[in-house]
Amino acid sequence: VVRKWEKLPGRNTFCCDGRIMMARQKGIFYLTLFLILGTCALFFAFECRYLAVQLSPAIPVFAAVLFLFAMATLLRTSFSDPGVIPRALPDEAAFIEMEIEATNGTVPQGQRPPPRIKNFQINNQIVKLKYCYTCKIFRPPRASHCSICDNCVERFDHHCPWVGNCVGKRNYRYFYLFILSLSLLTIYIFTFNIVYVALRLVHLNVVTQLGCDCLPGSRSLTALTVLEVLICFFTLWSVVGLTGFHTFLVALNQTTNEDIKGSWTGKNRVQNPYSHGNIVKNCCEVLCGPLPPSVLDRRGILQQEESTAQEETCTRGPSAQEPTAAQGPGGQAEESSDQQKDGSLPHPSAVPMPSLSNAEMPEEKQLTTGELPVPSQDAGQAEH
């Protein structure tokens, strides 16, 4: 039995029979685990024991809750599908190529073909859908192709090497909860480390005034505490700053990719069509909205025909992904008559694409002429 995850294109790593999906570059992710686990292990082993006796036993309990929540959201972000859009099968790609060629015609030799785009209206505003030459699809709104994972990701935010995965529509809320809980955990450990150092210094001063020797191992414990303080201090600025930046993006219902490109703050001053104009509504949509299911079907059984088609897609060279057709004269893009208010687009693979061969069409309508096949009257009656 061959599972679909074994033949999926892109640069992803799968574990546990396709249940875990990550990027191939996971070195920085292991560093993230080491820093979190190491710092928390030192805190629980030394400071928590002393603070629980001197101050309150609730200190290690609250720290454990923050630690478990941060680790759970980190693993959920790293091991999940961020919203990868499947690539078009060869039949679907051929149909889209024929549709573009029939609509826009061919480009004279020596002229550069214009970009393939479609106009889509969202909240009375035109949004351009760009064609991906790698995946052979028109990307849905807010989707982008990740050059590291080599996949189109729905509502692409950015590729985060610290979590070892892309951040997209299906795992953005977990990523935000991870950096938020990590910020709280860092502030918590940093604060109580300073309290621990202050209490130890007071204790050592009292012991010195009484003329007693220092407790054995106190210097080594203080050195470890200073190491934790330094790690937390340098982590604090980056993590808390990142949390504040993404809080700003969530309040505006905007992605990191759109903010970097200046999609809604450029010279044209185009208004963000996805924003509700209310911070509470934007936060509820991003963090509390329904989570779409994965469309990859990673653990599904791959049939022989699908396996052959995906092998053909994977073995295509870079030259096969170059544009072969252009749009109309003057570089005008085809305008889509469809309108949608929620900003979502049905995925191309979810729409059945007709698979036509030359043998099933009359000779005057062969695919080599560049025209779209016209179904016969019998086929139309059968469809009705």
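Keep in mind that glycine also has a Cβ here, set from the backbone N, Cα and C atoms.
What TrEMBL records for 306-324 is compositional bias 'Polar residues'.
What TrEMBL records for 128-261 is domain 'Palmitoyltransferase DHHC'.
Taken from TrEMBL, the feature region 'Disordered' covers 306-384.
Per TrEMBL, transmembrane segment is recorded for 28-46 (among others).
What TrEMBL lists as transmembrane segment is 58-75 (among others). Within the chain carrying the transmembrane segment (58-75), a Cβ under 8 angstroms from the stretch's Cβ atoms is held by residues 32-33, 36, 40, 43-44, 48-49, 51-52, 163, 174-175, 177-178, 181-182, 184-185, 188-189, 192, all 6 or more beyond its ends.
Through the fold, the transmembrane segment (174-199) approaches residues 36, 39-40, 43, 47, 50-51, 54-55, 59, 62-63, 66-67, 69-70, 73-74, 76-77, 80, 157, 160, 163, 167, 222, 225-226, 228-229, 232-233, 235-236, 239-240, 242-243, 246, 250, 286-287 of its own chain, all at least 6 residues removed from its boundaries and within a Cβ separation under 8 Å. Feature annotation from TrEMBL assigns transmembrane segment to 174-199 (among others).
Summarising the annotation, TrEMBL assigns transmembrane segment to 226-252 (among others).
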